[in-house]
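As given in Swiss-Prot:
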DOMAIN    113-235  domain 'MPN'
BINDING   His184, His186, Asp197  Zn(2+) binding site
MOTIF     184-197  motif 'JAMM motif'
Amino acid sequence: MTYSLRIADIPVSERPRERLISVGAKNLSNAELLAILLATGQGKGKLSAVGLGQHILNELSKYRRDPLDVLRDIHPQELTAIHGIGPAKATTILAAIELGKRAFQRRPTEKMVIDSPDTAAAILGHELMYQSQERFAVILLDVKNQLIALKVITIGTATETLVHPREIFREVVKQSATKLIIAHNHPTGSLVPSQDDILLTEQLLQGATYLAIPLLDHLILGNGNFQSLRQITDLWEKYPQED
């Protein structure tokens, strides 16, 4: 596909919208998907919509990160700084990104059963995934693993959040929970637990054992994925929980 051509000059079978209908969205390039949102082109060299979409990706690659990672958290002013992108195009892109985030973030419902790391991570996504600051949250459950509440305990900086076991167990007692799952996000996208993460988990497991309120897991969320500390550490063998 020639990026300098107008969409009208491109054979119908190669136009982004027509290709999406014929082969499906997942088979379109990132530039083609952006072109559908942009609707029209221009910018330097009077680029087509596809060309302008590719130009956006090229500009974002200057951040030395995957352009889609940059696009996920981009501000309107950063988009409009790209030649050929005005407020209308920028807001259309940002609205599409936000809609995509919401579509893949499952909101918790009352009495929902949380019986696996996958289910827990799914309901935590809305509060923890794709955040620019570290957040620490707790899922509070009843004896049947049914959801009582999901609470964000603290919001920190881009690299750390400070939380004390006392704050977590205060919420457990307040909500009359009998089990809990803790979680926090890493804005960098890394799912590797830090030494502080391990230490806090140990402290909470000890406290949970003492109070006879099982801590089922500690999840780390980032970049659309998650990690379960229960699955990758031996902490639950050292501090068994009656779950």
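Cβ coordinates are placed from backbone N, Cα and C, and glycine is handled just like the others.
Source: prediction; values computed, not measured.
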Reported in the order helix, strand, coil, what are the DSSP residue counts of the domain 'MPN' (113-235)?
44 helix, 37 strand, 42 coil
Per residue, counting other C-beta atoms within 10 angstroms of the C-beta, which of the binding-site residues His184, His186 reaches the highest number?
His184
Looking only at the domain 'MPN' (113-235), report the model's average pLDDT.
92
Across all chains shown, how many C-beta atoms besides its own are within 10 angstroms of the C-beta of Asp197 (Zn(2+) binding site)?
16
